[in-house]
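Per TrEMBL, these features apply:
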DOMAIN    7-405  domain 'Enolpyruvate transferase'
BINDING   K22, N23  phosphoenolpyruvate binding site
BINDING   R92, R121, P122, V123, D124, Q125, D304, I326  UDP-N-acetyl-alpha-D-glucosamine binding site
ACT_SITE  C116  active site, proton donor
MOD_RES   C116  2-(S-cysteinyl)pyruvic acid O-phosphothioketal
Amino acid sequence: MDQLLITGGNRLSGEIPIAGAKNAALPILCAGLLTSDTVALSNVPHLQDVATMLKLLGQMGLAIERNGDAITLDGAAVDKLEAPYEMVKTMRAAILVLGPLVARFGEARVSLPGGCAIGSRPVDQHIKGLQAMGAEIAIEAGYIHAKAKRLRGTRIVTDMITVTGTENLLMAATLADGETVLENAAREPEVTDLANLLVAMGAKISGIGTDRLVVQGVERLHGASHTVIADRIETGTFLCAAAAAGGDVMLTNTRSDILDVALDKLREAGAIITSGPDWIRLQMAARPRAVSFRTTEYPGFPTDMQAQFMALNCIADGASHVSETIFENRFMHVQELNRLGAAITIDGHTAIVQGVDKLVGAPVMATDLRASASLVIAGLAAEGQTLVDRIYHLDRGYDRMEAKLCAVGADIQRVKA
Ligand SMILES: CC(=O)N[C@H]1[C@@H](OP(=O)(O)OP(=O)(O)OC[C@H]2O[C@@H](n3ccc(=O)[nH]c3=O)[C@H](O)[C@@H]2O)O[C@H](CO)[C@@H](O)[C@@H]1O
Ligand SMILES: C=C(OP(=O)(O)O)C(=O)O
């Protein structure tokens, strides 16, 4: 099993190219199931989750051609309408095949994802929405069986804002009979990116970017070309790394307008941030100041950046309060950060971080994707060596993170356990 051996203390300086967004690429790949034509994608990141999704879609009969960051999908021969447990357990986003399969083929058999390290993460809203559209759904032996001759448009109000729930129902609604209104829809940029591809495929969607999506179902969707949006979480992660380690980095092929709150927090922490249409530069010369925040849905502070900012707060001047409102158990990194000398206590959904003068390297274990990223950031700022175990979590969502960091001066080696 791969591990990362980080020797801390180096400042970061130079350019880091940002990849396409994992959380946009995954639903967008599933949209390939909605048509028998060709969907041509560019800026698709090289991630373990993307490889898992391509394997699953390939098993279903989707023809896939990959050439670097470009992927072409052809849905003419899709005939296996199933996502088995072996796939879904390694990548929850596999649930995103449910909506497209029922909408185009009238049937799907998808394993229930179950819980994961950050929370119980049910998919009841995906099911509730499809049922409201007329699908008959049975849960048997851990699988969701969904059937519908043709989905029909209706008004759906989800109990809470759900990102993949909105994406699943949006994809389903494109081929439904009549009008579907999705109230309380997620406004994440990745939902917007998916919606833009669907429109390019012939879907009729209004309200894109708002919490009320209105879809007029069409008989069929056609092929289209699309470039996946930049990964705002990868962007934010590297900005936190440079803010924690100190330095001057230029992130390219990214956008600042989808990361406003996180950029404001970095400024509050003392970073100088400038940006252009496709780049963000961060300069950090002093010890960071502690910043408090509360995670919320977009455009609020992203839960997927909580752990990385927590790492920054560990070495900051002052104390901070970090409240997690999206997932009930997203503090698994706290005990590991404390192993490096951080002073964090947890009170319910809030972590109280007392900044310390320095962290000292130690062996630590990654528990989920962003927890892994926070341990890398802490390791870069720590004195001595930090060995991060179980980095398969990291590889799910970052494309060669250690290579990108080494290119700007970090000392990180990928080693075998
Ligand atoms: C592949 C992808 O895009 N993953 C992102 C997506 O996950 P994901 O789409 O799984 O997260 P959701 O937005 O659905 O979850 C938000 C909250 O709603 C709850 N919930 C959700 C659906 C449901 O049917 N029932 C229910 O109770 C969840 O348990 C959670 O507490 O959004 C999360 C919140 O921004 C991000 O952290 C993930 O990186
Ligand atoms: C929680 C995340 O992803 P997923 O929903 O795929 O588990 C994430 O990207 O931080």
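The backbone N, Cα and C atoms fix where each Cβ goes, glycine too.
Bear in mind that the values here come from a model prediction, so they are computed numbers and not experimental data.
Here the features listed in TrEMBL are painted onto the structure.
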residue : record                                        : Cβ neighbours (10 Å)
N23     : phosphoenolpyruvate binding site              : 24
R92     : UDP-N-acetyl-alpha-D-glucosamine binding site : 17
C116    : active site, proton donor                     : 15
R121    : UDP-N-acetyl-alpha-D-glucosamine binding site : 17
P122    : UDP-N-acetyl-alpha-D-glucosamine binding site : 14
V123    : UDP-N-acetyl-alpha-D-glucosamine binding site : 19
D124    : UDP-N-acetyl-alpha-D-glucosamine binding site : 12
Q125    : UDP-N-acetyl-alpha-D-glucosamine binding site : 21
D304    : UDP-N-acetyl-alpha-D-glucosamine binding site : 25
I326    : UDP-N-acetyl-alpha-D-glucosamine binding site : 20
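Contact annotation for binding-site residues (R92, R121, P122, V123, Q125, D304) versus ligand 2: R92, D304, each with CB under 6 Å from a ligand atom.
For ligand 1, the nearby recorded positions are P122, I326; that is, of K22, C116, P122, I326, these have a C-beta under 6 Å from one of its atoms.
Across the domain 'Enolpyruvate transferase' (7-405), mean pLDDT in this model comes to 97.
For the pair I326 (UDP-N-acetyl-alpha-D-glucosamine binding site) and N23 (phosphoenolpyruvate binding site), the C-alpha distance works out to 16 angstrom. For K22 (phosphoenolpyruvate binding site), applying a Cβ distance below 8 Å and a minimum sequence separation of six or more within one chain yields P45, L47, D49, V50, D231, I233, E234, R396, G397. In this structure the alpha carbons, written CA, of Q125 (UDP-N-acetyl-alpha-D-glucosamine binding site) and the residue listed as 'active site, proton donor' are 18 Å apart. Note: the Cα of P122 (UDP-N-acetyl-alpha-D-glucosamine binding site) and the Cα of the residue listed as 'active site, proton donor' are spaced 10 Å from each other.
A Cα-Cα distance of 13 Å separates the residue listed as 'active site, proton donor' from V123 (UDP-N-acetyl-alpha-D-glucosamine binding site).
The two recorded residues N23 (phosphoenolpyruvate binding site) and V123 (UDP-N-acetyl-alpha-D-glucosamine binding site) have their Cα atoms spaced 17 Å from each other.
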